[in-house]
């Protein structure tokens, strides 16, 4: 197995991985700490900080392993392209807003069903941010072929979401993870679609058709999804997205302007693909040098 799989992890991702592992160890040594770190809707007021800490608290060994591996490998692709500051900002915002929406969902479920389990079930884990990372992969390298799955990277968020929904039919505690994954995916898209700042152009978001909400669905469903997505966009974002697009020069009289942001978005994806290829090439070169050095050491010892 190539050594480049185990190299090139960023310092920030390594630090966040330590936080995830440390959070898991704390709740294993001190189970009572879970009441203060996890999102427990009945205790969120006054323990409002659990809207932040819940995302970094893994309750199971499997969760800690999957989240840590997902963080360092996906971060290895995203952070060099976004930059460390933007990468950290994405994590914080998606994690916090996901927790807020999960809190609202569980409170709503309680009032609908009157089941107290929705108030006192501890909800935590990094899966919301990981889902947002998959949306980032979809954005920067949509046509990258995944050798293992024989699938393009643009389908990763949809596939992960579909798999989670399928699993939820066979698990009793799906509320502890499914809303987090759903909102993590959606809010990751909202952030990248409308809020992410691009210093090189001083614009926000990615309005390209290839990154529209309907792009998460198969082609035959898009004529149905597009009108629904437009309604929700106006409800959640108001007129802001329409006016901001006009102000930025995306459209003029209904036609696209030359050099508008969709073109920039396409260039960014090309840069992402190039950055990935350069990183992989550098890692292969480093691995080759290490192999040569080890062979030289062996020959010297002989």
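Positions of Cβ are set from backbone N, Cα and C atoms, glycine also.
TrEMBL labels come from automatic prediction, so no person has curated them.
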Here TrEMBL annotates transmembrane segment, and of 12-40, 215-243 the range meant is 12-40
Here TrEMBL annotates transmembrane segment, and of 117-135, 136-154 the range meant is 117-135
For the annotation transmembrane segment in TrEMBL, which listed range does it cover: 60-78, 250-268?
60-78
Might you confirm whether the transmembrane segment (177-195) is in contact with the transmembrane segment (12-40), defined here as three or more C-beta pairs under 8 A between residues 6 or more apart in sequence?
no
Any residues 6+ beyond the ends of the transmembrane segment (155-171) with a Cβ under 8 Å from its own?
131, 134-135, 137-138, 146, 149, 177-178, 181-182, 185, 188-189, 216-217
By a Cβ-Cβ criterion of under 8 Å, what residues six or more beyond either terminus of the transmembrane segment (60-78) are in contact with it?
8-10, 12-14, 16-17, 20-21, 24, 87, 125-127, 129-130, 133-134, 136-137, 140-141, 276, 279
Near the transmembrane segment (90-111), which residues from the same chain, at least 6 beyond its ends, have a CB less than 8 A from one of its CBs?
16, 39, 41, 44, 50-52, 54-56, 82, 118-119, 121, 123, 126, 128-129, 132, 136, 175, 179-180, 183-184, 187-188, 191-192, 195-196
